[in-house]
Amino acid sequence: MSRRRGVRDRYRRRFDRGRFMKDPLESACPPAPGCGAGADGAACAAAMAGMAGVDGVDGADAARADARRDVAAVALGNAIEFFDFGAYATFAVMIGRTFFPTQRPFVSLLLSVSVFGLGFVVRPLGALVIGAYADRAGRKPAMTLTLAMMAVGTGAIAVLPGYETIGVAAPILLVVTRLIQGLAWGGEAGPATTYILEAAPPERRAAYACWQVATQGFAAVAAGLAGYALTLALPEAELDAWGWRVPFALGLLVLPVGVYIRRRLSDTIDPRHAYCTTREILRELNARHRRPIAIGLMILLGSTITQYFLNYMTTFALTELHLPGGVAMLATFVTGAALAVGALAGGSLSDRVGRRAILIWPRVLLLLLLFPALQLIVSRPTPAVFLATLTVLSGLHGMSGAALIVLIAESFPQRVRSTGFSIVYAVAVSLFGGTAQSIVTWLIGTTGNPMAPSGYLLVANAICIAAGWLAAETRPGGRGTR
């Protein structure tokens, strides 16, 4: 009897520490649809009691420490995603030679990049399946699943035999790993972002969630540094034979650590009072939340196209500006660092002045600077001008990006937030991000004018600004809907 009481008390203490935390933005527990039908309100009271946590200054300090730990654990998955992105881009030529050997190096590179693009195709499927799973079963199990999938998808490239060893099975297995990675990418964004929002103090939500954007920049810097270090440390023959696999092996090392950390997180929803099926979640999104979905897609249209254009600038430096290869490598560091710093600043400011203001005004300044910035680097293609221009554009983009992901996620109620955000993010990245660099390349190639992409970027960012103007302010205590 005493043993049973001890187990019960242990789980009660877990609950009281906030194992299932009520969303601070929702004044009452969501109506208990699906599995939660007929709930008597006791769960709501328990959740509110869990929010109370520990009284006093010590309790507040402990809660902040726990929130910072949780942010680090969640941001780890985002870092793996963008580290993989940067590593694949850095070594795309060598991956092409290993898995798609042809007489024409360009064809090998094209096939390598095309396989990478498959990840974009399956992202929406991952968003739907895993995002809804997070709303039904909890954020923690969904994030643990996606981290394991990402680590396997990244680490498998480190050990896959090449075409010369196993023939056609090599490119087939490479495709499988990128599909796994794409599904994980699609399913990671929603649960991770919503978890941070729900675990953070309401008045500091954006300051915590901005790490989802900042880690993109830091991961890009890390991937670039890894590539640069390997290039310096290894002869070209060894780098081509096995050295390019080293960054991907980090995925295998991160897996046990990351899964262990995420399994120790406290969840932010009580699955007992969530929807039972994905169909019920989609029904509510379609019936009640079509406006935030549409606005979110328009906001991310401009943001995503800008992000992938900034990534393309390393190629632009080589092919159009004819700058040295070292400058292109340095551009990766500059873009990543400026994006991270801008995101951290934008998140902090967003908590003070509102999501819409930080979404809109840095984006307006970016819009005004885009054409003269491109004109400047084309007319004066020096390393200093190129890197300085890239720093300013990336910083403004990161500042706006920190606010927009919070605004989009907060536009959905907790019971469908992961699914809603996941679908919006994955569809936008697949449609607009997956095609952005191809469109930029086509515009330059067709017109012969390196300024040609400016119109494309101006329209995309104008749509983003207009959507931000139409969006509702979601900051706690904000002024509401425009």
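Yeah, the Cβs are placed from backbone N, Cα and C, and that goes for glycine too.
In TrEMBL this protein carries:
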{"type": "DOMAIN", "residues": "70-479", "note": "domain 'Major facilitator superfamily (MFS) profile'"}
{"type": "TRANSMEM", "residues": "82-100", "note": "transmembrane segment"}
{"type": "TRANSMEM", "residues": "106-130", "note": "transmembrane segment"}
{"type": "TRANSMEM", "residues": "142-160", "note": "transmembrane segment"}
{"type": "TRANSMEM", "residues": "166-185", "note": "transmembrane segment"}
{"type": "TRANSMEM", "residues": "206-230", "note": "transmembrane segment"}
{"type": "TRANSMEM", "residues": "242-261", "note": "transmembrane segment"}
{"type": "TRANSMEM", "residues": "293-310", "note": "transmembrane segment"}
{"type": "TRANSMEM", "residues": "322-346", "note": "transmembrane segment"}
{"type": "TRANSMEM", "residues": "358-378", "note": "transmembrane segment"}
{"type": "TRANSMEM", "residues": "384-409", "note": "transmembrane segment"}
{"type": "TRANSMEM", "residues": "421-444", "note": "transmembrane segment"}
{"type": "TRANSMEM", "residues": "456-472", "note": "transmembrane segment"}
Query = Do any residues of this chain, six or more beyond the ends of the transmembrane segment (166-185), have a C-beta under 8 angstroms from a C-beta of it, and if so which?
reply = 81, 84, 95, 98-100, 111, 115-116, 118-123, 125-126, 129-130, 146-147, 149-150, 152-154, 156-157, 160, 426
Remark   = Near the transmembrane segment (456-472) in space but 6 or more residues beyond its ends, with Cβ under 8 Å, are 292, 295-296, 298-303, 305-306, 309, 355-356, 359-360, 363-364, 366-367, 370-371, 404, 407, 411, 432, 439-440, 443, 480-482
Task = Any chance you could find the range in 82-100, 106-130, 322-346, 358-378, 421-444 with the most Cβ pairs under 8 Å to the transmembrane segment (206-230)?
result = 322-346
Task = Take the transmembrane segment (358-378) and find every residue of the same chain, 6 or more past its ends, with a Cβ under 8 Å from one of its Cβ atoms.
result = 206, 299, 302, 306, 320-321, 342, 346, 349-350, 385-386, 389, 392-393, 396-397, 399-400, 402-404, 407, 450-451, 453-454, 457-458, 461-462, 464-465, 468-469, 471
Recorded stretches the transmembrane segment (82-100) and the transmembrane segment (242-261) touching, at least 3 CB pairs under 8 Å = yes
Query = Of the listed stretches (106-130, 142-160, 322-346, 421-444), which one yields the highest count of Cβ-Cβ distances below 8 Å with the transmembrane segment (242-261)?
reply = 142-160
Message = Within the same chain, where does the transmembrane segment (293-310) have neighbours whose Cβ lies under 8 angstroms from its own Cβ atoms, ignoring anything closer than 6 residues to its ends? I mean 6 or more beyond.
response = 285, 335, 339, 359, 363, 366, 390, 393-394, 397, 400-401, 404, 407-408, 411, 420-421, 423-425, 427-429, 432-433, 436-437, 440, 453, 456-457, 460-468, 470-471
